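Listed in TrEMBL for this protein:
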BINDING   Cys53, Cys135, Cys136  Zn(2+) binding site
DOMAIN    1-150  domain 'Hcy-binding'
Amino acid sequence: GILERLDAGEIVIGDGGFVFALEKRGYVKAGPWTPEATVEHPEAGASIVGVNCHFDPETSIETVRLMKEGLQAAKLKAHLMCQPLAFHTPDCGKQGFIDLPEFPFGLEPRIATRWDIQKYARKAYDLGIRFIGGCCGFEPYHIRAIAEELAPERGFLPEASEKHGTWGDNLSMHTKPWVRARARKEYWENLKPASGRPYCPCMSKPDGWGVTKGAKELMQQKEATTEQQLKELFQKKKF
(Lines of atoms letter the chains of each structure in order from A and count residues from 1; the text may use other names and numbers.)
(Lines give C-alpha, C1' and ligand atoms only; values in the text may rest on other atoms or scores of the structure.)
Protein backbone atom coordinates (compact mmCIF):
# COMPACT_ATOMS: atom_id res chain seq x y z
CA GLY A 1 0.00 0.00 0.00
CA ILE A 2 0.85 3.70 -0.10
CA LEU A 3 1.88 3.85 3.55
CA GLU A 4 4.24 0.91 3.21
CA ARG A 5 5.87 2.55 0.16
CA LEU A 6 6.35 5.82 2.05
CA ASP A 7 7.71 3.99 5.10
CA ALA A 8 10.24 2.37 2.79
CA GLY A 9 11.42 5.79 1.64
CA GLU A 10 9.80 5.71 -1.78
CA ILE A 11 8.63 8.90 -3.52
CA VAL A 12 4.96 8.46 -4.44
CA ILE A 13 3.60 10.46 -7.36
CA GLY A 14 -0.19 10.73 -7.31
CA ASP A 15 -3.16 12.83 -8.37
CA GLY A 16 -6.26 14.29 -6.77
CA GLY A 17 -8.55 11.61 -8.16
CA PHE A 18 -6.61 8.97 -6.24
CA VAL A 19 -7.02 10.89 -2.97
CA PHE A 20 -10.77 11.29 -3.55
CA ALA A 21 -11.02 7.55 -4.13
CA LEU A 22 -9.26 6.91 -0.84
CA GLU A 23 -11.63 9.35 0.89
CA LYS A 24 -14.67 7.51 -0.46
CA ARG A 25 -13.27 4.27 0.91
CA GLY A 26 -12.77 5.79 4.34
CA TYR A 27 -8.97 5.91 4.29
CA VAL A 28 -8.70 9.70 4.03
CA LYS A 29 -10.39 12.42 6.08
CA ALA A 30 -10.59 16.01 4.83
CA GLY A 31 -10.12 18.93 7.22
CA PRO A 32 -8.84 22.49 7.70
CA TRP A 33 -5.41 23.56 6.47
CA THR A 34 -3.65 24.85 9.57
CA PRO A 35 -0.73 23.77 11.74
CA GLU A 36 -3.16 23.52 14.66
CA ALA A 37 -5.48 21.19 12.74
CA THR A 38 -2.53 18.98 11.88
CA VAL A 39 -1.90 18.22 15.54
CA GLU A 40 -5.37 18.95 16.97
CA HIS A 41 -6.20 15.30 17.43
CA PRO A 42 -2.94 13.37 17.81
CA GLU A 43 -4.88 10.40 19.09
CA ALA A 44 -6.30 10.00 15.58
CA GLY A 45 -2.86 8.80 14.54
CA ALA A 46 -2.79 10.23 11.01
CA SER A 47 0.06 8.65 9.07
CA ILE A 48 -0.05 11.13 6.18
CA VAL A 49 -0.94 14.83 6.38
CA GLY A 50 -0.99 17.38 3.60
CA VAL A 51 -3.04 19.49 1.22
CA ASN A 52 -5.03 18.80 -1.92
CA CYS A 53 -6.59 21.17 -4.49
CA HIS A 54 -7.91 24.78 -4.25
CA PHE A 55 -4.52 26.55 -4.30
CA ASP A 56 -1.45 26.80 -6.53
CA PRO A 57 1.88 25.02 -5.92
CA GLU A 58 3.49 27.99 -4.14
CA THR A 59 0.65 28.41 -1.64
CA SER A 60 0.34 24.67 -1.10
CA ILE A 61 4.05 24.25 -0.42
CA GLU A 62 3.95 27.02 2.19
CA THR A 63 0.88 25.42 3.78
CA VAL A 64 2.64 22.07 4.14
CA ARG A 65 5.62 23.93 5.58
CA LEU A 66 3.34 25.25 8.34
CA MET A 67 1.94 21.76 8.88
CA LYS A 68 5.44 20.38 9.20
CA GLU A 69 6.30 23.04 11.78
CA GLY A 70 3.14 22.14 13.69
CA LEU A 71 4.09 18.48 13.72
CA GLN A 72 7.63 19.25 14.87
CA ALA A 73 6.38 21.54 17.64
CA ALA A 74 4.07 18.77 18.90
CA LYS A 75 6.87 16.18 18.52
CA LEU A 76 4.73 14.12 16.15
CA LYS A 77 5.77 12.30 13.00
CA ALA A 78 3.81 11.83 9.79
CA HIS A 79 4.47 11.59 6.08
CA LEU A 80 3.79 14.79 4.14
CA MET A 81 1.61 15.06 1.03
CA CYS A 82 1.10 17.91 -1.45
CA GLN A 83 -1.26 17.92 -4.46
CA PRO A 84 -1.90 21.51 -5.62
CA LEU A 85 -3.68 22.96 -8.61
CA ALA A 86 -1.81 23.36 -11.88
CA PHE A 87 -3.10 26.95 -12.03
CA HIS A 88 -1.40 30.10 -10.77
CA THR A 89 -3.74 31.60 -8.17
CA PRO A 90 -1.89 34.34 -6.23
CA ASP A 91 -5.02 36.49 -6.28
CA CYS A 92 -7.55 34.00 -4.89
CA GLY A 93 -9.27 34.36 -1.51
CA LYS A 94 -9.56 32.05 1.47
CA GLN A 95 -11.68 29.53 -0.44
CA GLY A 96 -9.16 29.20 -3.22
CA PHE A 97 -9.74 29.18 -6.94
CA ILE A 98 -13.51 28.68 -6.70
CA ASP A 99 -13.76 32.40 -5.82
CA LEU A 100 -11.93 33.48 -8.96
CA PRO A 101 -14.21 34.82 -11.73
CA GLU A 102 -12.55 32.44 -14.21
CA PHE A 103 -13.66 29.35 -12.28
CA PRO A 104 -14.26 26.82 -13.68
CA PHE A 105 -14.33 27.32 -17.46
CA GLY A 106 -11.85 30.17 -18.02
CA LEU A 107 -8.82 29.04 -16.05
CA GLU A 108 -6.62 27.97 -18.97
CA PRO A 109 -4.57 31.22 -19.10
CA ARG A 110 -3.41 30.44 -15.57
CA ILE A 111 -2.06 26.98 -16.37
CA ALA A 112 1.40 26.18 -15.04
CA THR A 113 4.12 25.17 -17.47
CA ARG A 114 5.90 21.84 -17.13
CA TRP A 115 8.91 23.82 -15.92
CA ASP A 116 6.82 25.43 -13.16
CA ILE A 117 5.87 21.94 -12.02
CA GLN A 118 9.47 20.74 -12.04
CA LYS A 119 10.33 23.63 -9.71
CA TYR A 120 7.38 22.68 -7.51
CA ALA A 121 8.50 19.05 -7.37
CA ARG A 122 12.00 20.04 -6.30
CA LYS A 123 10.71 22.42 -3.59
CA ALA A 124 8.33 19.75 -2.32
CA TYR A 125 11.08 17.14 -2.13
CA ASP A 126 13.48 19.53 -0.41
CA LEU A 127 10.80 20.26 2.20
CA GLY A 128 10.56 16.56 3.00
CA ILE A 129 7.33 15.82 1.12
CA ARG A 130 7.32 12.33 -0.35
CA PHE A 131 3.73 12.06 -1.63
CA ILE A 132 3.99 14.56 -4.47
CA GLY A 133 1.27 15.01 -7.08
CA GLY A 134 -1.37 17.35 -8.41
CA CYS A 135 -5.08 17.97 -8.63
CA CYS A 136 -7.24 20.15 -10.91
CA GLY A 137 -5.48 21.42 -14.00
CA PHE A 138 -2.78 18.76 -13.96
CA GLU A 139 -2.20 17.08 -17.31
CA PRO A 140 -0.10 13.99 -18.05
CA TYR A 141 2.89 16.14 -19.01
CA HIS A 142 2.73 17.80 -15.59
CA ILE A 143 2.91 14.45 -13.81
CA ARG A 144 5.75 13.45 -16.13
CA ALA A 145 7.56 16.66 -15.15
CA ILE A 146 7.41 15.63 -11.48
CA ALA A 147 8.78 12.20 -12.32
CA GLU A 148 11.56 13.66 -14.46
CA GLU A 149 12.62 16.21 -11.85
CA LEU A 150 12.84 13.50 -9.21
CA ALA A 151 14.39 10.85 -11.45
CA PRO A 152 17.79 11.11 -9.69
CA GLU A 153 16.16 10.36 -6.33
CA ARG A 154 13.84 7.67 -7.70
CA GLY A 155 16.55 6.02 -9.78
CA PHE A 156 14.70 5.94 -13.08
CA LEU A 157 12.85 8.05 -15.66
CA PRO A 158 9.16 7.48 -16.47
CA GLU A 159 8.38 5.60 -19.67
CA ALA A 160 6.84 8.71 -21.22
CA SER A 161 10.26 10.40 -21.16
CA GLU A 162 11.14 8.34 -24.22
CA LYS A 163 8.87 10.66 -26.20
CA HIS A 164 11.00 13.78 -25.72
CA GLY A 165 14.30 15.14 -24.50
CA THR A 166 14.64 16.57 -21.02
CA TRP A 167 14.73 20.34 -20.64
CA GLY A 168 14.11 20.77 -24.37
CA ASP A 169 17.40 19.24 -25.49
CA ASN A 170 15.72 17.80 -28.60
CA LEU A 171 15.44 21.38 -29.86
CA SER A 172 19.13 21.10 -30.76
CA MET A 173 17.92 19.60 -34.06
CA HIS A 174 15.49 22.44 -34.86
CA THR A 175 15.87 24.21 -38.22
CA LYS A 176 15.87 27.70 -36.66
CA PRO A 177 19.04 28.73 -34.80
CA TRP A 178 17.20 30.87 -32.20
CA VAL A 179 15.10 27.83 -31.31
CA ARG A 180 18.19 25.62 -31.11
CA ALA A 181 19.54 28.14 -28.59
CA ARG A 182 16.66 27.15 -26.31
CA ALA A 183 17.89 23.57 -25.98
CA ARG A 184 19.10 23.97 -22.41
CA LYS A 185 17.82 23.93 -18.87
CA GLU A 186 18.86 27.51 -18.08
CA TYR A 187 16.59 28.92 -20.79
CA TRP A 188 13.41 27.20 -19.61
CA GLU A 189 14.15 27.66 -15.91
CA ASN A 190 14.35 31.44 -16.33
CA LEU A 191 11.59 31.96 -18.90
CA LYS A 192 8.90 34.54 -18.03
CA PRO A 193 6.02 33.34 -20.26
CA ALA A 194 3.61 35.91 -21.67
CA SER A 195 -0.14 35.32 -21.89
CA GLY A 196 -0.58 36.86 -25.34
CA ARG A 197 -3.74 38.63 -24.12
CA PRO A 198 -3.09 42.38 -24.44
CA TYR A 199 -6.32 43.58 -22.78
CA CYS A 200 -6.37 41.11 -19.90
CA PRO A 201 -5.15 41.92 -16.36
CA CYS A 202 -2.43 39.85 -14.74
CA MET A 203 -4.72 39.11 -11.79
CA SER A 204 -8.46 39.05 -11.03
CA LYS A 205 -10.61 40.24 -8.17
CA PRO A 206 -12.07 37.23 -6.31
CA ASP A 207 -15.78 37.10 -5.63
CA GLY A 208 -16.51 38.10 -2.05
CA TRP A 209 -20.12 37.26 -1.23
CA GLY A 210 -19.50 36.79 2.47
CA VAL A 211 -20.88 33.26 2.28
CA THR A 212 -19.22 30.95 4.79
CA LYS A 213 -19.82 27.55 6.33
CA GLY A 214 -23.37 27.29 7.65
CA ALA A 215 -24.88 29.93 5.35
CA LYS A 216 -28.18 28.89 3.74
CA GLU A 217 -26.76 29.60 0.28
CA LEU A 218 -24.41 26.66 0.75
CA MET A 219 -27.15 24.18 1.61
CA GLN A 220 -27.46 21.47 -1.02
CA GLN A 221 -30.87 20.62 -2.49
CA LYS A 222 -31.97 17.53 -4.36
CA GLU A 223 -34.09 19.46 -6.88
CA ALA A 224 -32.62 21.27 -9.86
CA THR A 225 -32.02 25.01 -9.41
CA THR A 226 -35.14 26.92 -10.48
CA GLU A 227 -35.22 29.84 -12.90
CA GLN A 228 -36.21 32.14 -10.04
CA GLN A 229 -33.26 30.99 -7.93
CA LEU A 230 -30.93 31.63 -10.84
CA LYS A 231 -32.38 35.13 -11.38
CA GLU A 232 -31.70 35.94 -7.73
CA LEU A 233 -28.09 34.80 -8.12
CA PHE A 234 -27.69 36.74 -11.37
CA GLN A 235 -28.83 39.88 -9.56
CA LYS A 236 -25.98 39.47 -7.09
CA LYS A 237 -23.39 39.00 -9.82
CA LYS A 238 -23.02 42.24 -11.76
CA PHE A 239 -20.45 42.96 -14.46
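Backbone N, Cα and C atoms are what each Cβ position is placed from, and that goes for glycine too.
Bear in mind that the values here come from a model prediction, so they are computed numbers and not experimental data.
With a 10 A radius on its CB, Cys136 (Zn(2+) binding site) counts 20 other CB atoms from all the protein chains. Considering only the binding-site residues Cys53, Cys135, the Cβ with the fewest other Cβ atoms within 10 Å is that of Cys53.
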